[in-house]
Amino acid sequence: MARRSATHTPTNASFFNFFKNPKLTFPCGLIFMDALLVALIIAYVPYTKIDWDAYMSQISGFLEGERDYSNLKGDTGPLVYPAGFLYVYSAVQYITGGEVYPAQILFGVLYITNLAIILFIYVKTDVLPWWALTLLCLSKRVHSIFVLRLFNDCFAMTLLHAALASLLYQRWHLGLIVFSAAVSIKMNVLLYAPPLLLLMLKAMNDGGVISALSGAALVQILLGLPFILSYPVSYISRAFNLGRVFIHFWSVNFKFIPEPVFVSKEFAVSLLAVHLVLLAAFAHYRWCKHEGGLIKFLHSRYVYLKMRFAHSSSSGTSFKILNKEHIVTTMFVGNFIGIVCARSLHYQFYSWYFYSLPYLLWRTSFPTLLRLILFIGVEFCWNVYPSNIYSSFLLTCLHLVILWGLWSASPEYPHLDNKASKRKE
């Protein structure tokens, strides 16, 4: 008996320590309370019809055998998402029978699943104080996007966050496969691609990078194969159209820009140029600061590659485990740069970066009060309907303030030795 009691003592201690640690128990409480809130929203707040009927029409055409993307249409227009969207919403239609109410329940489960994943990421990086995790549950707009609008952004971002959680444990091949699956549902996930590639170059040798990218490409090929074999031009031109021009009326961020300028090619090219410059600047001066800058880092990779080919050996590599905080910071900031430079942000696009917003605010050196003001300000702008020149201008200014705070913050050390890694986990 004494031996049995001694055997169970560590387990009991761990059990009680779990409940004594607010950084562990508080997220669990948030998940439970938010699940209740989601249930109440589904039960008492009217569903808003936007894209659901169009989704179901497009899915019906696909299930009836249509493989020409130009013929897959709904009441809001032609299908513009990659093939993964069709498979996911075919499953949704099968589970729900195409009915809204059961679909809302399904999306409620998806919302809680996504919240659990993102809380896991926040707990692992330990950037926020435990009470600030509450901010992740306070968005009226994001609740609406998930359970009242049923947008495909919800599936894409949940998979993206799952991919990021995999990267925290250096599961790069798995992370790339899940990342590619997210891209197959909506292409906005590609905003994470530049920082992800940089992280891969830091964490993997050239063979690992190539094999991981090949796995991601294979996912796209397999999912799109029925359409590539039948109507390849139609599929690629519509599913991966990077030149779409959104309607000025629905823009949440650049409504203050005159419509002729907003829809012009010059405006789009200017934003793209700013996007690329910002990515290069952050990569050189922030993400690769400890490696001597982006150019020196890429040169070191080139030298390593030459030495490897010269000696026909992979010995002598110096790749190290990446710090979890460095991974998340690089990914979230890279995506946020894309958000700042996006020509148009529609209301559902808030889900693209809302869950990174508290993390980004706490990566700045701003005082806590200013962080909260910025968070509330961004949420306010996204809940102004319809957006106007004042709300969109305010949102852009808030984005720029946050971006400046991220630029001014000291970059974290990117690598973690094995002992430190074991202690953190």
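Cβ atoms are placed via backbone N, Cα and C, with glycine included.
What TrEMBL records for this protein:
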- 24-47: transmembrane segment (TRANSMEM)
- 79-95: transmembrane segment (TRANSMEM)
- 101-123: transmembrane segment (TRANSMEM)
- 144-169: transmembrane segment (TRANSMEM)
- 175-201: transmembrane segment (TRANSMEM)
- 208-229: transmembrane segment (TRANSMEM)
- 327-345: transmembrane segment (TRANSMEM)
- 365-382: transmembrane segment (TRANSMEM)
- 389-407: transmembrane segment (TRANSMEM)
Inset, instruction - Kindly say whether the transmembrane segment (208-229) and the transmembrane segment (79-95) touch, using the definition of 3 or more Cβ pairs under 8 Å where each pair is 6 or more positions apart. - result: yes
Legend entry - Segment-segment contact (the transmembrane segment (389-407); the transmembrane segment (327-345)) at 3 or more Cβ pairs under 8 Å: yes
Legend entry - Beyond the flanks of the transmembrane segment (144-169) by 6 or more, those residues with Cβ under 8 Å of it: 38, 41-42, 45-48, 50-52, 55, 81, 85, 88-89, 100, 103-104, 107-108, 110-111, 113-114, 117-118, 120-121, 124-125, 175-176, 178-179, 181-183, 185-186, 188-189, 192, 196, 199, 324, 327-328, 331, 347-352, 355, 425
Legend entry - Two-stretch contact, the transmembrane segment (175-201) and the transmembrane segment (79-95), at least three Cβ pairs under 8 Å: yes
Legend entry - Selection from 79-95, 101-123, 327-345, the stretch that has most Cβ pairs under 8 A to the transmembrane segment (24-47): 101-123
Inset, instruction - Sort out the residues at least 6 away from either end of the transmembrane segment (79-95), same chain, that have Cβ-Cβ distances under 8 Å to it, and list them. - result: 55-56, 58-59, 62-63, 69, 72-73, 102-103, 106, 152, 155, 181, 183-187, 220, 223-224, 226-227, 235, 238-241, 244
Legend entry - Same-chain residue ranges lying at least 6 outside the transmembrane segment (327-345) that approach it to Cβ under 8 Å: 121, 125, 127, 164, 167-168, 191-192, 194-196, 198-199, 246-248, 250-254, 262, 267-268, 271-272, 274-275, 278-279, 282, 286-287, 352-353, 356, 359-360, 363, 396, 399-400, 402-403, 406, 412
